[in-house]
Structures are given as C-alpha cells and as structure tokens.
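A.B. asks: Below is a structure I'd like to ask you about.
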Amino acid sequence: MKRAVVVFSGGQDSTTCLAQARHQYDEVHCVTFDYGQRHRAEIDVARALALKLGTRAHKVLDVTLLNELAVSSLTRDSIPVPDYEPNADGIPNTFVPGRNILFLTLAAIYAYQVKAEAVITGVCETDFSGYPDCRDEFVKALNHAVNLGMAKDIRFETPLMWIDKAETWALADYWGQLDLVREETLTCYNGIKGDGCGHCAACNLRANGLNHYLSNKAAVMAAMKQKTGLR
C-alpha cells in the first residue's frame, strides 16, 4: 500500500497537493502545525478540508515553542503584515525562521511511524515570497539529513516546486478542485478565507495567478502538464 503524509495548512498550495495525493496514493495522512500563527484560523480550515477530501488521519501538532523563538509578523501581533510590494528585495518580515525545517522533520517522524514512503509539501521557488526554506536545494538537503538520521528512505515530494501560481490553479482544476480551492482554502496572512484581504503578498500572488489562469486556461493548463508530466 502506498502511503503519504501531506504537510497541510489549509491554504491553496497544500490543498492542491492533498487533492493530487488522494489520486496518487492509497492512503494519505495530513499534518497541520499550530505555532501560534497570526492566521491560525487556517487550522480549522485545514480540519474541514482534510475531512472533506477524505484523508486517513489528520494530526494537528502543537509547536507553539516556535512562536517564542521565531520573531515574524506571522508570530507577533505587534508586527504588522506588510502590503504587497512587487519589487521588494530581501527576506520579508513574514518569514518564520526554521518553520519548514521543523515542519518537514516532524512530518517525516510521523511518516516513519505510519510507514509512509513520502512527505509532500507545497513549497515552490518559481514565484515564491523570498523564503529561503522554500528552495529546492534546501528541501533536498534536509531530506538527505533526515534519511541519514532515521536510517529510512522517506521521500520529500514538492509537486509545485517548478510551477507558478497560475499553473498551481491549473493543477487544482485538473483534479476537479478549482472551486474548492478558490472558496474554501485560507492563504491570507491576515486570516481571511477565500479571496482574502487582497493586500498581503500571499493574497496578491494567489489573485494574480488565478486571473492569469482564467484568462489563459488552455495555455496555462498545457504548460502545467508539460512541467508536471500529467496527461
């Protein structure tokens, strides 16, 4: 039996990964993390989506220690979430240091226990928000370290790594979940479901990608299939 664990926030990217995993694996588990995030409404959204999409199990893990260690606008109400700046340089203040290191490591430990062969994460470096822990080289390096540390071959899968946001919408549509992802996921840094606040970087990337996909469906779908190998 093929099993996978999805690092699941209830946002656009991880929900698209979950929709695909349900078709590619016999048994899918989800792991969601409560780190005291500003947009922690995503936890309830993740619970509802995991139930709706039919996962084998959904674990919500308390990692609020991260909130004490990692200072970010996503972990401190006193630090405002910045409006989207398309030409901004450097790492944004929404970056939570160590977040994906911790999430992927804990997901791999869970995968070890349930005998899953893969941990799936929705990170992407094509049009990402400047986070160093979304890069392909980081995921591969951590995957190697985790496998050495557990003497186990658990594969970190990144289905969205080389596709952009428009193509991510196409992937959701390919699996018949475009409306669900559009209406029921929570991507917004300010914790607003669906189209979100419309001001933060997450909302702008999401909206721009959706608009591009809806305006160029055939071309974007073809590009997504070419990059992912789907037919």
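Using the three backbone atoms N, Cα and C, a Cβ is placed for every residue, glycine included.
Annotated ATP binding site per Swiss-Prot: PHE8, SER9, GLY10, GLY11, GLN12, ASP13, SER14, THR15, THR16, CYS17, LEU18, in sequence order, evidence recorded as sequence analysis. Summarising the annotation, Swiss-Prot assigns Zn(2+) binding site to CYS188, CYS197, CYS200, CYS203 and lists sequence analysis as the type of evidence.
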A.B. asks: Based on Cα distances to GLY10 (ATP binding site), point out the closest of the binding-site residues CYS188, CYS197, CYS200, CYS203.
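C.D. replies: Checked the binding-site residues CYS188, CYS197, CYS200, CYS203; minimum Cα distance to GLY10 (ATP binding site) goes to CYS188.
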A.B. asks: Could you state the CA-to-CA distance between THR16 (ATP binding site) and CYS188 (Zn(2+) binding site) to the nearest Å?
C.D. replies: 16
A.B. asks: In the structure shown, which of the binding-site residues LEU18, CYS188, CYS197, CYS200, CYS203 has the fewest Cβ neighbours within 10 Å?
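C.D. replies: Lowest Cβ count within 10 Å among the binding-site residues (LEU18, CYS188, CYS197, CYS200, CYS203) is CYS197.
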A.B. asks: Helix, strand or coil for CYS197 (Zn(2+) binding site)? Use DSSP.
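C.D. replies: CYS197 (Zn(2+) binding site) sits in coil per DSSP, no helix or strand.
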A.B. asks: At the level of the C-alpha atoms, what whole-angstrom distance separates PHE8 (ATP binding site) and CYS197 (Zn(2+) binding site)?
C.D. replies: 21
A.B. asks: Spatially, which candidate from the binding-site residues GLN12, SER14, LEU18 is nearest to CYS188 (Zn(2+) binding site), comparing Cα atoms?
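C.D. replies: Given the candidates GLN12, SER14, LEU18, the nearest one is GLN12.
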A.B. asks: When you tally the Cβ atoms that lie within 10 Å of each candidate's Cβ, which of the binding-site residues (PHE8, GLY10, GLN12, THR16) has the highest tally?
C.D. replies: PHE8
A.B. asks: CA-CA, which of the binding-site residues CYS197, CYS200, CYS203 lies nearest LEU18 (ATP binding site)?
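C.D. replies: For LEU18 (ATP binding site), the closest Cα among CYS197, CYS200, CYS203 is found at CYS203.
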A.B. asks: Could you round the CA separation between SER14 (ATP binding site) and CYS203 (Zn(2+) binding site) to a whole angstrom and send it over?
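C.D. replies: Cα of SER14 (ATP binding site) to Cα of CYS203 (Zn(2+) binding site) measures 15 Å after rounding.
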A.B. asks: Around SER14 (ATP binding site), how many other CB atoms lie within 10 A of its CB?
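C.D. replies: For SER14 (ATP binding site), the 10 Å Cβ neighbour count is 25.
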A.B. asks: Taking the Cα atoms as reference points, how far is CYS197 (Zn(2+) binding site) from GLN12 (ATP binding site) in Å?
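C.D. replies: With distance taken Cα to Cα, GLN12 (ATP binding site) is 15 Å from CYS197 (Zn(2+) binding site).
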